[in-house]
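Here's what TrEMBL has on this protein:
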{"type": "DOMAIN", "residues": "12-395", "note": "domain 'Major facilitator superfamily (MFS) profile'"}
{"type": "TRANSMEM", "residues": "21-44", "note": "transmembrane segment"}
{"type": "TRANSMEM", "residues": "56-75", "note": "transmembrane segment"}
{"type": "TRANSMEM", "residues": "82-99", "note": "transmembrane segment"}
{"type": "TRANSMEM", "residues": "105-129", "note": "transmembrane segment"}
{"type": "TRANSMEM", "residues": "141-161", "note": "transmembrane segment"}
{"type": "TRANSMEM", "residues": "167-188", "note": "transmembrane segment"}
{"type": "TRANSMEM", "residues": "216-238", "note": "transmembrane segment"}
{"type": "TRANSMEM", "residues": "250-269", "note": "transmembrane segment"}
{"type": "TRANSMEM", "residues": "281-300", "note": "transmembrane segment"}
{"type": "TRANSMEM", "residues": "306-330", "note": "transmembrane segment"}
{"type": "TRANSMEM", "residues": "342-360", "note": "transmembrane segment"}
{"type": "TRANSMEM", "residues": "366-387", "note": "transmembrane segment"}
Amino acid sequence: MSAAADRPLPDRVLVRAIWPLLAAAALGLVPFTVMANFLVAIAADAHAGVDLIGGLRGLGGVAALLVGVAAAPLLDRLPRSSVAALALVVLAVGCGLALQGSTVAWVAFCLLIGAGTAVLNPAVAAMAADRFDSPSASARAATLVSSTMTLTAVLAAPVLALPAVLWGWRADMAGTTAVLLVVALLIARRRDPRGGDTSVSYLQAFRTVRSLPGALDVLTVSLLRTLAFMGSLAYIAAAFGQRFGIGTGWFSLVWATSGLAFFLGNFLGGRVMQDRGADRLLGVTTAAILVAAAAMAALYTAPHVAVAWLMVALVSASHAVIAAAVTTTLVRAAGPVRGTVLSLNGAAQSVGVFAGAALAGAALALAGWAGVGIALGVATALAVVFARRALRGARATAGVE
């Protein structure tokens, strides 16, 4: 392939080619966003406690983990457009059931949304990457999908607020159901140039992923990064409240800072790294891990709110760069098992979500907020070991070639 053929394409060209996939990725986050934003009203309508309804979201994580692993090879054996469209329909069914408003309906909602997003996210990321032959364009397309999801997390709350104020949370959920079905139709009609063409068997797909140089190490980096970041997000509101007396209003600005920093880090990091070699890519990953580890420790030990606020932005931006590097590395290396490896990455992140909350909670109970910062910082720093192993694997492969 010539240098000109692999020259990075402008983002506007990529977006024009994959915009329905970006819409699908954005929509995948909306159902749980509605649930989180209007949890009090939802619990009241269900005649249940906020803790009970809120805790049901954990069922979605369990479903995402189980379905993400079990369905991973199917993303390469079946047409990805059909898989993604089916996942969107599953999300729509979950949102439709939630309109009934009972606790049982919310149990079904959480299970369906967790299962649907576990398939949807890697399917659309793989489809986006498959639209381009250039490795750099493929990697950039996949990171644009993840950046869109991050931007949705930042913007969804204010966008959803007005319909909910006028007509209640059911208006948001009903609108989401309708839009999901429309986008499912758009995705189903898209040409899928590579999905379903692999001759790799179901079990062979897992063995192929294991044999990819550095793939398991990169997946471990993803797990540890998610563990630390999501563990922090689970307790950061309480930390700012107890340590600095920050209430809900002011903390919303802290949360927005985190979301915006993550979006910018993921978006810009994906752009810069799309055409970098494995050495530089994993080198940047190692540097970002070290910055994230130090910032995480400082976040929970900083004596002043301004410093802690700055650390929030630094933690989010550095974790976003790591996430972009993970996606770029996996998309380039996966070959015929791109869907499988991206699905396993999602499953690793699901494990990280649960483990991170558990680790942060245990650290808080044993050693206070400083313990949380140290525990999550060490977990982040541990990812350096696996990033370095992946780097050695990439260098060994390059030497053989």
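For all residues, glycine too, the Cβ spot is worked out from N, Cα and C.
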**Study point:** When counting Cβ pairs under 8 Å to the transmembrane segment (167-188), the leader among 21-44, 82-99, 105-129, 306-330
**Key:** 82-99
Point to revise | Of 21-44, 56-75, 82-99, 105-129, whichever stretch has the most CB pairs under 8 A to the transmembrane segment (141-161) | key: 21-44
Revision key, fill the gap. If one takes Cβ-Cβ under 8 Å and requires six or more residues beyond its ends, the residues near the transmembrane segment (306-330) are 125, 139, 142-143, 146, 150, 214-215, 218-219, 221-222, 225, 228-229, 232, 236, 240, 243-244, 254, 257-259, 261-266, 269-270, 273-274, 276, 278, 281-282, 284-285, 288-289, 291-292, 295-296, 298-300, 338, 341-342, 345, 383, 390
Exercise for review: Report, as numbers and ranges, which residues of the same chain sit near the transmembrane segment (366-387): CB under 8 Å and 6 or more residues beyond its ends.
Suggested key: 217-218, 220-221, 224-225, 227-228, 231-232, 235, 239, 242-243, 282, 285-286, 289-290, 292-294, 296-301, 322, 356, 359-360
Study note, to complete from the structure: In this predicted model, the domain 'Major facilitator superfamily (MFS) profile' (12-395) has a mean pLDDT of 90
